[in-house]
């Protein structure tokens, strides 16, 4: 079957666990207590067995043998030959051979062990790519990510993940994402794929400006690939120890997920080093085992869940085993355990993030959220310094790892909650077959009609999704006491009077007393049953351990416009609000998150909890500057709650153009998920209106079923997987049923099996476009919400950060589609920059632009060419004459960042550091991220001045 067909027919399968059985034959004979030992694997096996996870997996130990030709796909023939010769040597000679390498040990059997490890990862990859399995974990050693094409290094002999990538290519994958979580940079993997755009390599590692092993300049953020692979290498280099779950998840949401989503891989490989764990003797970081599992969970949303996790480092054997256990749980479909993010990401982490973004944003427009780093009127990052600093002295003797006594390290114990339940996970579907008794007496084709729920159920049944779930025609009728958890006695009594009215009276009552409501004599009963179904789902979700059950409640009438005292907007009772209060009262849920993605703001829900510190209401909705229903309600980004509830209302109010998948996904990555993680709910309720879907007649947005599914998947990472999705609006029967099916599939599969976009829409042929008004809105939301949620701090860019008076239009447009505006801008852009520089310089010393007097890159300035400098020439790439710069190494002319950014692209591809502006004769150093003025530059400046003005430059 072709890979394209396997993509269309993706389904769930087993999780594979692979062990190389011979791994205990590879030990350090010089240092018996060396941390990279067979005990690592034994502890992992014990953990997986003790918690009964291994029983849920398909365990593989025998693999098709590989030969030297397989190894030579990623390693030079001479390297393979040298290593293979160890099989014929004495241990003494082997030890002498190892001294040629950095931190390598071997025995006469090490080649057999290493080849078994490679065979394991290749076998698992082949099975996953063939749809024989959902995902897999290769529990193998020795690790591999430090081994490059010419040499073993850092405990690594052959590069396992590189071998897995080649197997995936052979099996049909065209794009592979490798995420390296080891605390040490996987420079071997980076080198192998550095000029290969088929592989996006993303590493999060400790660097400390080169002080941490492997002490390489290439481990820093400015190394982003070369040749065709330019922009496909990403180093998130951490320059401080003690980074926590907050730091790592900030990286995931702000940098990795946006980038990986745009890359859209066919296969994901995790270089799973567990030495960033709190308690690791070598790492110095504070990531928790559950933090690891959350990272894995979100990466599993890519590539239709095709993921291979490959063991790398991790030298506290017991804690590493716990982390592996947590990760395999996630691979099996269980939601990760909840984590608390009580602190802001470190300033140095934010610095590392935006430094990386600064060099990648020219290649990936998913980073349009961030303004151009070297544009002075947009350079408002409060704590960022993107200078490349390299502190390591290569003459310093590298300390040996030495022995590590495992019994002296920190440890943790498994609890009963770690043991996998014997029963399978369930998805519960609730509906009310009698909801057709609530209909519009006057208008047969009212958008909120009984056909909505019937069509959804029909689609679920015909697609085969319903039979995989536990479906319930729920007859539970919510009691007065339950309804009054939210609604007033007066409101309930008023609705009870409608049960005896005649049709004419009902129509008159609806028009006179309500806003956008119709009534029948059975409306109250149907509405009670809608509430009852949601409450029943709460009870059954809390009957089991977190994550064992989730639910989709397909009921009407909807609820999120109903306030405590008034039915409104097709809504009688606020189903979700009653459920939130009920969960708190009955099941002691301390914190409840309500996420409302209905295109209309859930004004009723927000009002009910506006002063409540224990219920968070988050809404992504169409706002149109207040002119979209519900008009006149507090639903802007500045409406954040009051009193004890201040900061507990989060509104993402889109205005202007039609929003779609990219905008909703950005809102989730930048706003929803970071805040929701820090809130850390015990229950997640989704007000699932599907009127933002493609072709909805009221919403007029263009969100696809796949994005509704993705949002559901991401929210399922919270509350241990206790999530209930409740139908709200949605008025195109095809759109609503397709969207509900996609959501139900995610709930049932616990995985994203759908592709996020069609092949013809891939980034390579159609770069994703983020609407500028969306970016403006999200910036505004974050600027307000960072006051309440520390996980957002440092990432927000607003004029107020520096007190600069910048108009919104200029602020937005310069960070998005700069190439589009430049072609018609003439020379205006070249004059804007110097004048604005002067304005900033005049504003006082706090904002003065002071060029560096010297920099280490002046040595790269070459003598003038025979033709000297032509200040009136155009860009050599696009032939546009606006804002032209000349490289001071090769004297090539290229346009600046307000045109098509060819000067920056030239720097990134050639590493030529300095350029001279033909507009204002300033010199910019890219690596130093600063202007430079030095006598060594006078010759070039004088030549440009003479060409530009026809006279000698004044001294």
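Backbone N, Cα and C define each Cβ position, glycine as well.
Remember, predicted model here, so these are calculated numbers, not experimental data.
Now, the feature entries from Swiss-Prot:
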{"type": "REGION", "residues": "15-337", "note": "region 'Histone deacetylase 1'"}
{"type": "ACT_SITE", "residues": "146", "note": "active site, 1"}
{"type": "REGION", "residues": "425-749", "note": "region 'Histone deacetylase 2'"}
{"type": "ACT_SITE", "residues": "561", "note": "active site, 2"}
{"type": "REGION", "residues": "815-840", "note": "region 'Disordered'"}
{"type": "COMPBIAS", "residues": "818-831", "note": "compositional bias 'Low complexity'"}
{"type": "ZN_FING", "residues": "853-951", "note": "zinc finger"}
{"type": "BINDING", "residues": "855, 857, 925, 928", "note": "Zn(2+) 1 binding site"}
{"type": "BINDING", "residues": "875, 878, 895, 902", "note": "Zn(2+) 2 binding site"}
{"type": "REGION", "residues": "924-931", "note": "region 'Ubiquitin binding'"}
Please state whether DSSP places residue 925 (Zn(2+) 1 binding site) in a helix, a strand or coil. strand
For residue 561 (active site, 2), which residues in the same chain are close in space, meaning a Cβ under 8 Å from its Cβ, but six or more apart along the sequence? 516, 568, 569, 570, 571, 600, 602, 603, 604, 630
Nearest recorded site to residue 875 (Zn(2+) 2 binding site) by CA-CA distance, among recorded positions 146, 855, 857, 925, 928: 925
Cβ atoms other than its own within 10 Å of the Cβ of residue 902 (Zn(2+) 2 binding site), all chains, total 23
Based on DSSP, name the secondary structure state of residue 895 (Zn(2+) 2 binding site): helix, strand or coil. strand
Sort out the sequence-distant neighbours of residue 855 (Zn(2+) 1 binding site) for me: same chain, 6+ apart, CB within less than 8 Å of its CB, listed by position. 925, 928, 930, 932, 934
Residues near the Zn(2+) 1 site, 855, 857, 925, 928 excluded, by Cβ within 8 Å of the Cβ center? 852, 856, 858, 913, 914, 926, 927, 930, 932
Please list, for the zinc finger (853-951), how many residues fall into helix, strand and coil according to DSSP. 27 helix, 17 strand, 55 coil
Fewest C-beta neighbours within 10 angstroms among the recorded positions 146, 857 belongs to 857
Would you kindly give the Cα-Cα distance separating residue 857 (Zn(2+) 1 binding site) and residue 902 (Zn(2+) 2 binding site), rounded to the nearest Å? 20
Cβ neighbours of residue 895 (Zn(2+) 2 binding site) where a neighbour is any other Cβ within 10 Å: 29
